[in-house]
Every structure is written in structure tokens, then in C-alpha cells.
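Enquirer: Provided herewith is a single structure, encoded as C-alpha cells, for subsequent inquiry.
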Amino acid sequence: SLWEWGQMILKETGKNPFPYYGAYGCYCGWGGRRKPKDATDRCCFVHDCCRYKKLTGCPKTNDRYSYSRLDYTIVCGEDDPCKEICECDKAAAVCFRENLRTYNKKYMAHLRVLCKKDKPC
């Protein structure tokens with residue numbers, strides 16, 4: 001769920017997820033369209049595609065899942081029905097950490113009308 005993913009992002013990046021990633025670029029936040037602006041935005045694009053493909057088995061009304069941290073690694077609950085969603089969220093949080101160096105504040109609260117050319121999953 002959004003809560004668990006937010007906690008993963010905070011632990012991986014040290015950044016508050018909502019101001020930093022809530023409306024970043026063309027894909028971070030609700031919805032998403034067109035071409036990702038940079039590597040961080042691409043993390044969100046891949047995350048959106050991943051979640052869209054992995055919704056089976058996880059109740060749409062409650063997508064909360066269990067996970068833990070082993071050393072510095074996120075471990076999704078093995079028998080959790082939403083494990084695949086957890087794996088999507090984990091991959092995005094790690095992607096954000098790996099791309100902190102190229103994070104660009106000019107894409108925070110980016111206007112979606114400025115996004116160009118459609119890019120399907």
C-alpha cells in the first residue's frame with residue numbers, strides 16, 4: 001500500500017516520499033503519461049507498469065503487505081498475497097536510491113501537460 005511504499009522510500013533514500021516523489025516528473029504520483037523526464041521518473045514509470053501487471057492475487061480493496069528489513073535489504077513477506085506488489089514497491093524504492101545523484105528538483109510538482117509523447121508499458 002501507499003503507507004508501506006512510503007516507508008520503504010524513506011528508509012532507502014532518507015527523503016520524505018510525498019514532497020520528493022508525490023508529483024515528480026510525468027509518472028510519480030497518481031496516473032502517469034508520456035515519456036519519463038529522467039531516471040527517477042523512469043523508476044515511477046516501471047513501478048506503474050509493474051503494479052499494473054501484478055495486481056492478481058492481491059485484494060484491490062486492501063493492498064497492504066508485510067515486509068521486513070534484513071541488514072539493509074527489504075524482504076517481502078513470503079506467504080503474503082500481495083507479495084508481488086511489495087516486490088514492485090521495493091524495486092522502485094531501490095531505484096530511487098540508486099538515482100539520488102541525478103534527482104532534479106525542477107521536476108518536483110511537474111505539470112503533466114509538459115510531458116511529451118506517449119510511452120506504453
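Cβ from N, Cα, C; glycine included.
Summarising the annotation, Swiss-Prot assigns Ca(2+) binding site to Tyr27, Gly29, Gly31, Asp48. What Swiss-Prot records for Cys28-Cys44, Cys43-Cys95, Cys49-Cys121, Cys50-Cys88, Cys58-Cys82, Cys76-Cys86 is disulfide bond, and it gives similarity to another entry as the kind of evidence. Look at Swiss-Prot and you will find His47, Asp89 tagged as active site.
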Enquirer: Measuring Cα to Cα, how many angstrom lie between His47 (active site) and Cys86 (disulfide bond)?
Expert: 11
Enquirer: When DSSP is mapped onto helix/strand/coil, what comes out for Cys76 (disulfide bond)?
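Expert: Assignment for Cys76 (disulfide bond) reads strand.
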Enquirer: Cys44, Cys49, Cys50, Cys86: which of these disulfide-bonded residues has the highest Cβ count within 10 Å of its own Cβ?
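Expert: Answer by Cβ density within 10 Å: Cys86.
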Enquirer: Relative to the Cβ of Cys58 (disulfide bond), which residues of the same chain, six or more apart in sequence, are found under 8 Å away?
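Expert: Listed in sequence order: Tyr65, Pro81, Cys82, Glu84, Ile85.
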Enquirer: So of all those binding-site residues, Tyr27, Gly29, Asp48, which one's Cα sits nearest to Cys86 (disulfide bond)?
Expert: Asp48
Enquirer: Far apart in sequence but close in space: which same-chain residues, 6 or more away, have a Cβ under 8 Å from Cys28 (disulfide bond)?
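Expert: Listed in sequence order: Tyr21, Gly22, Thr40, Asp41, Cys43, Cys44.
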Enquirer: Sort out for me which one of Asp48, Asp89 has the most neighbouring CB atoms within 10 A, since those are the recorded positions we care about.
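Expert: Counting Cβ neighbours within 10 Å, the top one is Asp89.
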